[in-house]
C-alpha cells in the first residue's frame with residue numbers, strides 16, 4: 001500500500017511538472033508564434049493569440065486531472081468519474097462558456113476578456129479546473145490505500161483464475177480439457193483388445 005501511495009504521488013507530481021513547463025512555454029513565448037504556424041491570416045493570428053493565456057491555464061488543469069484520473073481508474077472506481085465529468089463540464093464549463101459568448105456578448109468579438117471565442121475557451125478551462133479539483137478531493141480525502149491495495153490483489157487473483165494457462169500447445173498436443181477424453185479412449189481401446197483376445201482364445205480352444 002505504501003508503494004501504491006508513493007507511485008500515485010509521483011505520477012501526479014510528474015504530470016504537474018510537465019503541465020507547468022508547457023504552460024510556461026505558452027505564456028513566455030510570443031503569443032503570435034504558435035498561431036502563425038497554422039494560419040497565414042493576420043486576423044486569425046491576432047485573435048488566436050488572445051487565447052494563449054486561457055490555454056496555458058487549461059494545460060495545467062488538464063495535465064493534473066489526467067494523472068488523478070489514472071489513479072481513480074487504477075483503484076477501480078470508474079463509476080465515480082462520470083458524475084464528476086457531468087458536473088464539471090456539462091453543469092459548469094459549457095453553461096459558463098455559452099453565457100459568456102452568446103448571452104453576455106451576443107456572440108460578437110470585442111476587446112473584453114471573455115468576449116467571443118475567448119468565452120468558450122474560458123468555460124472549457126474552468127470546467128477542466130473543476131474536474132481536476134473534484135478528482136483531487138476524491139483521491140486525497142476518500143482513498144484508503146490499504147483497502148485499495150487489497151482490492152487490487154483480489155482483482156488480480158480473480159483475473160489469473162479466470163484466464164487459461166499461458167503454456168503454448170502444439171497442434172498435436174492435447175490440452176487439459178482433452179486429457180479426460182484421451183484416457184477414456186485408451187480405456188475403450190484396452191477393453192476392445194482384451195475382448196478380442198478372449199474371443200481368439202475361445203476359438204483356439206474349440
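Think of each number as a place in line: the chain as shown, counted from 1.
Glycine is no exception: its Cβ is also placed from the backbone N, Cα and C atoms.
TrEMBL annotations:
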- 169-182: compositional bias 'Basic and acidic residues' (COMPBIAS)
- 155-182: region 'Disordered' (REGION)
- 12-31: transmembrane segment (TRANSMEM)
- 51-72: transmembrane segment (TRANSMEM)
- 79-99: transmembrane segment (TRANSMEM)
- 119-141: transmembrane segment (TRANSMEM)
Message: Should anything in the same chain at least six residues away from the transmembrane segment (12-31) have a Cβ under 8 Å from its Cβ atoms, list it; otherwise answer none.
response: 49-50, 52-53, 55-57, 59-64, 66-68, 71
- prompt: Do any residues of this chain, six or more beyond the ends of the transmembrane segment (51-72), have a C-beta under 8 angstroms from a C-beta of it, and if so which?
  reply: 8, 11-12, 14-16, 18-20, 22-24, 26-27, 31, 34, 78, 80-81, 117-118, 121-122, 124-125, 128-129, 131-132, 135-136, 138-139, 143
- prompt: Near the transmembrane segment (119-141), which same-chain residues lie under 8 Å Cβ to Cβ, leaving out any that are not at least 6 residues past its ends?
  reply: 8, 51, 54-55, 57-58, 61-62, 64-65, 68-69, 71-72, 77, 80-81, 84-85, 87-89, 92-101, 104-105, 113
